[in-house]
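Working notes, structure below.
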Amino acid sequence: MSDVQHFRPESVSSNAASSKPAAQPTASSKSTSTSPLIGFVSLGCPKNLVDSERILTQLRTEGYEIVPSYDNADMVIVNTCGFIDSAVQESLDAIGEALKENGKVLVTGCLGARDDEIREVHPNVLAITGPHAYEEVMSQVHEHLPKPELIPFEQLVPDTGVKLTPRHFAYLKISEGCNHRCTFCIIPSMRGDLVSRPVGSVLDEAKRLANAGVKELLVISQDTSAYGVDVKHKLGFWDGRPVKTRMLELCEALADLGVWVRLHYVYPYPSVDDVIPMMAEGKILPYLDIPFQHASKKILKLMKRPGSSERVLERVQKWREMCPDLVIRSTFIVGFPGETEEDFNELLDFLREAQLDRVGCFTYSPVEGAKANELPDPVPEEVKQERYERFMAVAQEISAAKLRARVGQEMLVLIDEVTPEGAVGRSYADAPEIDGLVYLTDETDVQPGDKVWVEIIHTDEYDLWGVRVEDDV
Ligand code: SF4
């Protein structure tokens, strides 16, 4: 797999959802329908992908048809990302392309919160809305394309809504916004403070997905461990029983669905200790995606991030004692303003000591509107790059050694793709799009979504190769 899949700050992915119109799997480019036709471009992180799914579901519910090309669409919606400069550029380019190819373009998503910036480059877009502004997007669509007449049974939307992920895994967004104010990030100014979804509604969605054949649920938010803080962990109801709006209770209920449950964007708070026993018992996957971002106390303070490396190391050690199979993925930023060689070495020491399984790294780049832009002592580009390379060399060494130790082990693998050359899947240790893969050379007698036991026979820095030994029962 390419390196790019390993580089991701906590709130942006390697653009898993990026696509030309439309990402909707059943759409055909030559439609005979009389319904208005909409093209859809979805950019950015899994959280944005979930927003796209929600808009597409609403469009389909109202009878609009989603088409995979610009030319026969009556309008194109571009769901943008605005997290880092390269994402902003990609979003502006996508809007430009949609304008050139189609001409009628609605813009939504994170970059939509900075509409002046969009209008400066693309004054002709029809309308701009901010992130998770579903109702506004729909009212703009209605304004420019009249609501179609619904023909019963012809425009059926699946129970699970429109999904942009393959059938066997799905993102489950549990909240919007964030109460933190990390100085390098503008997400709170774009998406607002934390708003948790009602626990009953999250669990209803999870159950519908599991019933529809989803085998892996990826729990996402800006800060999963803060789930329910905004509603004081109030008691909700699901399946006739009370469930607290809190990460622990949510995980307990999700564990009952019998699918893989993987936690992303978890902060290393003491409350995380409570879910580790469930991981040790196999109720949810022993996998934690925790964006540590740095280890130097001074830099963490400048980033306005909680925690110190000693406390984090203690906690990681304790978790591993409780659950030896635990895999930890994280992301880091190198070259943050004020980072000295000493700070950077502290980070490398932390990395070696923590022995994190999956690690991504970014060189710091200023984001318009972020507080960190006011910090003194910027790190020169060539130093950032050199630190990035040193960081990744250590991370690769750790990853390669950890994967080597898996040779001879049997792992349960969820198949993602089958080609004439063989199958590709992932074990509990790897999340889709961002982590490694397990290759099953010549194995074609499986389907995406199958779970099979595999003996690991070979590894490299990021990926594993194995042979099938027995089906999951
Ligand atoms: S403010 Fe910090 S915790 Fe919140 S979304 Fe941004 S980076 Fe994540």
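Indices start at 1 and increase along the chain as displayed.
Cβ coordinates are placed from backbone N, Cα and C, and glycine is handled just like the others.
What you are looking at is a predicted structure, and each value in this text was computed from that prediction instead of being measured.
For reference, TrEMBL has these:
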type     : residues         : note
REGION   : 1-34             : region 'Disordered'
COMPBIAS : 16-34            : compositional bias 'Low complexity'
DOMAIN   : 36-146           : domain 'MTTase N-terminal'
BINDING  : C45, C81, C110   : [4Fe-4S] cluster 1 binding site
DOMAIN   : 164-401          : domain 'Radical SAM core'
BINDING  : C178, C182, C185 : [4Fe-4S] cluster 2 binding site
DOMAIN   : 404-470          : domain 'TRAM'
Original post:
Near ligand 1, which of the binding-site residues C45, C81, C110, C178, C182 are found, taking a Cβ distance under 6 A to any of its atoms?
Top reply: C178, C182
Original post:
Counting other CB atoms within 10 A of each CB, which of the binding-site residues C45, C81, C178, C185 comes out lowest?
Top reply: C178
Subject >> Mapped DSSP class for C110 ([4Fe-4S] cluster 1 binding site), helix or strand or coil >> reply: helix
Original post:
Near C110 ([4Fe-4S] cluster 1 binding site), which residues of its own chain have a C-beta under 8 A away, given they sit six or more steps off in sequence?
Top reply: G44, N48, T80, C81, G82, F83, G130, P131, I187, M190, R191
Subject >> Rounded inter-Cα distance in Å - C45 ([4Fe-4S] cluster 1 binding site), C185 ([4Fe-4S] cluster 2 binding site) >> reply: 14
Subject >> Neighbourhood of C182 ([4Fe-4S] cluster 2 binding site) by C-beta distance under 8 A, where only residues 6 or more apart in the same chain count >> reply: Q293, M303, K304, R305
**OP:** Looking only at the domain 'Radical SAM core' (164-401), report the model's average pLDDT.
**Re:** 93
**OP:** Determine how many residues of the domain 'MTTase N-terminal' (36-146) DSSP places in helix, in strand and in coil.
**Re:** 56 helix, 22 strand, 33 coil
